[in-house]
Each structure stands twice: as C-alpha cells, then as structure tokens.
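Asks: One structure coming up, written as structure tokens, with questions to follow.
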Amino acid sequence: MEHCDGENDYMQPEDDWDRDMLLDPAWEKQQRKTFTAWCNSHLRKAGTQIENIEEDFRDGLKLMLLLEVISGERLAKPERGKMRVHKISNVNKALNFIASKGVKLVSIGAEEIVDGNAKMTLGMIWTIILRFAIQDISVEETSAKEGLLLWCQRKTAPYKNVNIQNFHISWKDGLGFCALIHRHRPELIDYGKLRKDDPMTNLNTAFDVAEKYLDIPKMLDAEDIVGTARPDEKAIMTYVSSFYHAFSGAQKAETAANRICKVLAVNQENEQLMEDYEKLASDLLEWIRRTIPWLENRLPENTMQAMQQKLEDFRDYRRLHKPPKVQEKCQLEINFNTLQTKLRLSNRPAFMPSEGRMVSDINNAWGGLEGAEKGYEEWLLNEIRRLERLDHLAEKFRQKAAIHEAWTEGKEELLQKRDYETASLSEIKALLKKHEAFESDLAAHQDRVEQIAAIAQELNELDYYDSPSVNARCQRICDQWDALGAMTMKRTEALQRTEKLLETIDELYLEFAKRAAPFNNWMEGAMEDLQDTFIVHTIEEIQGLSTAHEQFKATLPEADKERLAILGIQNEIAKIVQTYHVNMAGTNPYTTINPQEINAKWDKVRQLVPQRDQALIEEHARQQNNERLRRQFATQANVIGPWIQTKMEEIGRISIEMHGTLEDQLTHLRQYEKSIINYKPKIDQLEGDHQLIQEALIFDNKHTNYTMEHIRVGWEQLLTTIARTINEIENQILTRDAKGISQDQLNEFRASFNHFDRDHSGTLGAEEFKACLISLGFDIANDAQGENEFSRIMSVVDPNRMGIVTFQAFIDFMSRETADTDTADQVMASFKVLAGDKNYILADELRRELPPDQAEYCIARMAPYTGPDGVPGALDYMSFSTALYGESDL
C-alpha cells in the first residue's frame, strides 16, 4: 500500500510539470539552470560536471554516475560503446535503478533521453530530485513537499516580513532565503538592513552567501525570479531542499558535539571534585597538626592580663578559627559522598583518596584536636581563678588611689591662688562658701586615705610582685594629704580678713549709687531739654518756653550742693583703699556712674544754659516777624477772595439773563473781561507775600480763611468762565447766522434752557432735557417708540454718553431741527456741476473753480476714482462728499 502511495506522489508532480511546461515555457529556463546546478553539486564529488543537461546525459554514463553519487550504491557496469544501442542500454540501466527505488516513471523512455528531448530529460531529473532530495523530508508525518514547506514556515516564523505559503511567489522578494540563512547562521547576513522593496539585492545576497559559506551552488537567477510573475515551483523546491540538507547536517554535527561535550564535562567535573577533596583534606589535616601543639602548651603567666589574653585567644579559636574548619570537615564528607554517587551514576570506578587522607583519617585527627582543646580550657580557667584572687587587692588599691588622685588634682593650685585680692565683696563671700565646702570635702576624704594605706600594707604582707610601685604611690598620697591641710588653714584666714574690708567699702559704694543715679538722671534730662530743638509757630509758644527755662536756672545752686556731697563719698572710699592696701580690681558694683562722668555732665549743663538763652531770644524775634507776614497776607487775601467770588456770580447772571442782542452781550462780556485782567497786579502782589510766608516756613494763618491755592484756583476759574461764556456767545452768533435762526428764537431757546437748568450748572440732565424739548413742542410719547426717539436725540446731543447736555449742544440740535441745512447730496450735486456732469472730477477743474487752499484741500483728501468710465488722475468726489458729513471715512 505504501508503494502505491509513493507512486501516486510521483505521478502528481509529473503531471503538474507537464502542464506547467505547456503553459509557461519560460519556466524551462529556470528548471534547466536549477537542475544543472543541482546535478553538478553531486557530480563534482566524482570529479566531473555537465554543461548541457539534455546533451551530457544522452550516452547515459554521467546519468549513471549521478545516481551512484546520490544513492551511494553501485549500478550495473555501463556500456562503453558509442553506438545508439549502447547509449540506450546505459540510460535503461539508470531508469531501471530509479524504478527499483519505488519510482514509477510515466512517459519517460530511454530513446527520448538519448535523442536529447529537453522536456523528458528535465522530467527525469525532477523525478530523481524528488526521490533522493525531497522524499526523505518529513515534518510531523507530512508528505515530502508539505514537510519541506512546514520546515520553511517554522524556520522563518520569527521574521514578521516573511510569509511562506508556497514554493513560487512567497520567495520572490528574497527575504525568505535570507531568513533561512540568518536563522541558522546570523553572522552571515545583517538582516536588519534588508528591504522588502529591493528583491534583487535580497536574492543576490542570499545566493552569494549560500554559495560562499554554505557550499550550496547558485541554482537560480535573481533576474528570472523577479521578472517572472510566478517563479517555477520545482526550481524553488530544488534550491530550498539544498538549504534543508545543509542545515540538517549541521544540526546533526552540533548534536554529536553536544553529546561529547556533555560526557567530557561530567568527567572534568568529577576530576575537579577529586582535586578539591585532596586539597581540602590536606589543608584541614595541616591545620589540625599546627593547632594541637598550641593547645597542649601549659606554661603559666605571671599576670592576670596575660592569662586573660590566652583565654581571649582560645575564645577567638573557638569562635572564629574552629567553626570554618568544622564546616570544611562537613563539606569534605559531603563532597566525598557526592563524588562517589556521581561516579557510580556515570559508570565510573569509585574514588580512592591518597594514603592518610581518607575520611576515617580526618575523623581520627579531629578527635585528637578536641581532646587537646578540652584539657587546655580547664587549665586556663584554673589559672585565671588563681590570679584573680591576687589581682583583686591590687585593682582595689589602684582604683581607690586613682579616685583620690583625681580628687586632689589641682587642689594645691586652688589653695595657693590669691584671687581674693582682686575679688569683690560678693565674690569674697562666694569664695568663703566655696572654701567651707572644700574643708568639708577634705574631711570626708580622710577615710579613703586611711583605706589606701591599709591595702598597701596588706599587699606587702602577701608579697605582691609589684609591691615597690604600690608603696611609692601610697607615700606620695600621704605626703600630699598633709600639705593640703596646711594650705587650707592659711587660705581661710586670708579670706576672712579681706571680707571685713570689702564690706565697709561696699556700704560706701551703695550709698554713692543711691545718690548718684537720680542726680545723673537729672543732669541727662537737663542736657536733653537744653539741647532739644523746638518748633513754635506763635509768640505765645516761645514765651512759654522762656518762662520754663528761667525756672530751671533757679534750681542750679541746690543741684551743685548735691554734686559735692556725692563726690565726698567717693573720696572716703579712696582713703580706705590707700590705707589698707586693698587691691580694687573692679568698679562700683551698684552703678556704672563714676565721679569723672558726673563732673563732665555738670560742666556740660553749665555750658548749655547760655546757649539756650540765646536760642530762645532769636526764636522770639523770628516769631514776631512771622506774625507781621501773616497779617500782611491776610489783609490782601480777605479783599481778593470775595472780589473773585462776586465776579463769578456776576458772570453767571450775565450768561443767564438775556439783555439785548447777542452782539450787545458779547460787547458787555469783553469789557467785563478787560476789567478782570486789569486786576492781575493785585494777584501778583499777593503771590509775592505768599512766597515770603513759604520761605519763613509759616504753615497756618489765623487772620484769614483764604490760602494762596484757593486764590489761584478761583482766579483761574474766573478767567476760564469769562472766556467760555464769551465763546458760547460767539458760537451762538455763528449758529444763528449759519442756520438762519432769529434773535427771538435764540432768546426762546435760552429761556427754556435756563428754566429747566434749576441748579444753574449750565447743563441739563436727561430728564430735564426731555422736559425742555416737550416745552418747545416736541412730541415725545411715553411709550417704547417715544423712548427710542429720545434715545436717538440723546445720542446726537451727548455722543460721549456723559448724561448731560450743554447749551451749545442744545442750540446745535435746535438749529438743525428748525433751519435749512446743507446735505451730502447737495454737495455732490454741486461737485457734479463743476465736473461737467461727470461721475468724477479732475484736479485742474478743482483748481480752476475753487480758491487755491480749498482746491488743494480737496485734492489731498479725495480718493482716486475707480469706476469704469475713469481716466488717469480722476478723483472720487462722491465718497469725499459723504465723508464731509460723517457718512463715511474721510
């Protein structure tokens, strides 16, 4: 059954091959090159090759040789004749050999091969390739072709840009070949630099690397694969099978090498374990040999310290040196057992250590070590207990002696100090208290000195090895103790004598401080008052200061008596110091004031009194002059201030009252303005007086309520008001003449405006303005439409939205409502006349018809005309006219 399946497998590829060749003859070229290269890859092992696949196999000799090389078997002896019958005989032998391998040849006869039939020759070679190169490929029990395809898919799976689904178009970009090589030999190809859109480079790279490093001949041409829509499947399969055999052979070699390495590694590991055991055993035995004599040494030491050092060394041995050796001994036994187990499992003979290094030898040596260790520890403890009894007394002596010596350290220097000679009374009392405490401490230490002497005597009786040093130290302590007692009594007498003298001086210091402090404060206050700068603004204030100064001068004689009494106390202190040779190291503890400071401040007070007298006299004269300046300024200001206010009221009445024509009112106001300007010299004179007041630093004036700032503001408002009123009349005249409003209408407008201007501010609020319009006949209803109309009017008269309407804005609005006015259309019609009925005007026409300045004004502001009927230099008078009336930008 298997044989039949094998035949069917070969039949199907043959049928496919036949149909493919009929459909696409271009594949013949690919198969010819691939099959030729495949045959040569085997024939070169026999030292030959073919050039033309259909010619070189015609005699059957190389065909038989090829089958012998690829099968490893010997075929029947070939015919060496040159005749056709000999060639047919050789080819039949080859075909019979192929058939003996279970391959059914369909439509392939020896005559076609001998005749050089290319189609039949290629079919025969493909049958040989299938049988000897592809049939043995099997992956997971698949057929040869499917197995080879599955092998390719698995090897290229890690490469995202490779997708092998067949043996034709999946290999066109060349990445599949490169991926197979890179997967097994990554050092041969830098796969990261390959691009899917460059198949020629990819294919040539794979073919060249395979031929150079993998011994796979170049069976394909990159140009044929790229230039063919569907490369020949058989050519691709043949070439890919070479990769399979090349890499599967390498894998077998690698497996064999791994098996050898594994065996060698086990053997090397066992040898290393043997060497480690020998070295570890030798080292451990050597350490035991060196340690036992040390533990058997029983020579005693004379001192406790030396014996304790031996004990410490033994403890270091037990704590630091021995534990690692215990671990080494244990590890040695473990390694020995592990080694024997590994040797047994790997069929190796058991390990026999060298003589004297057996585990039993090591255990015997270790037992001897522990025996010596136990006896050594017992001996150490007995020696330490023996020396401990003797060292106890010596340590007790050293301890008490050290405590006593530490206590006496510096005591002799302290008792010999003469610090009381420069101490104050409080310091002397503190020194006495401190000395009394020392005397108590000295008495308390008497028992310790006696104990030290008793211990030294006992050590002498026990024949302590260091008794000479103990006796010398004890004698030093006793001698020092006697000296401290004598010095203590001497210091007590000196401290008591010094205390009595300093108590007397301290009482005098205290009295000096009690009287000097208030007197010093009085002098400092007096100096501060005498030097204090004063600021006065009236004669009354300076007179009060002068009176207080005279009262102060009357107290000076009594103050001088107190100064002399205080200095007398200091003289008495100096007399005591000189008589009893007291060393006064410090100053008065109760005050920092000294006699020199008192005398210096007293002299300063005496110097400041006449200086204060002179300053008060000069300030009195300055205040008299300031009063004169105040009166002089007030006299003028009290006249000018009311005059300005009166003039302001008169101007207000003139602007409200309507006597005569506008021209009469204008004449009257200009005369009024002239009279006001003629008043300017008086304002200038007042400015001069004000400057004198400022230079004298006078800041108030009780003789007038007017300041220069009030006068200036009033004067400027007066000038501004008269100028503004004159301007309003002039504007009313212009409005009247331009709008054709009669004098009676103006009077009516003014009367209505004044009537609703109830606060005489010269302006109307929104509601006042609305009432004024209604009174003049405007129909403003109390509904939404009426409100909209009034809002429109307010936007005209109050464009800045200030909420007020001036009389000029009111007149402008009323003039527009009651008189004829020019419009933008009228001006455009006038320009059209000048332009000769054209939609534009020329500069020459403007200069001919208008005055020069007005013509240039228009030319400079008119935009160029852009209409279709325009000519060079044409100007747009229409946009200019609308801009004049604010209907567009000028």
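Glycine is treated like the rest: Cβ placed from N, Cα and C.
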Asks: If I go by TrEMBL, the feature coiled coil sits on one of 113-147, 148-182, 428-462. Which?
Replies: 428-462
Asks: Below 8 angstroms Cβ to Cβ, which residues of this chain, lying six or more residues outside the coiled coil (263-290), approach it?
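Replies: For the coiled coil (263-290), the sequence-distant neighbours (Cβ-Cβ under 8 Å, at least 6 residues beyond its ends) are 325, 328-329, 331-332, 335-336, 338-339, 342-343, 346, 348, 351, 353-354, 356-357, 361-362, 365-366, 368-369.
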Asks: May I have the DSSP-based helix, strand and coil counts for the residues of the domain 'EF-hand' (744-779)?
Replies: 23 helix, 3 strand, 10 coil
Asks: Could you pull out which residues elsewhere in the chain have a CB under 8 Å from any CB of the coiled coil (428-462), counting only those six or more residues past its ends?
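Replies: Residues packing against the coiled coil (428-462) from afar: 390, 393-394, 396-397, 400-401, 403-404, 407, 411, 414, 419-420, 470-471, 473-474, 477-478, 481, 484-485, 488, 491-492, 495-496, 498-499, 502.
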Asks: Who are the long-range neighbours of the domain 'EF-hand' (744-779) in its own chain, taking Cβ under 8 Å and residues 6 or more past its ends?
Replies: 652, 655-656, 658, 662, 732, 736, 790, 793-794, 797, 803-807, 810-811, 814, 818
Asks: State the mean pLDDT for the domain 'Calponin-homology (CH)' (142-248).
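Replies: Result for the domain 'Calponin-homology (CH)' (142-248): average pLDDT 89.
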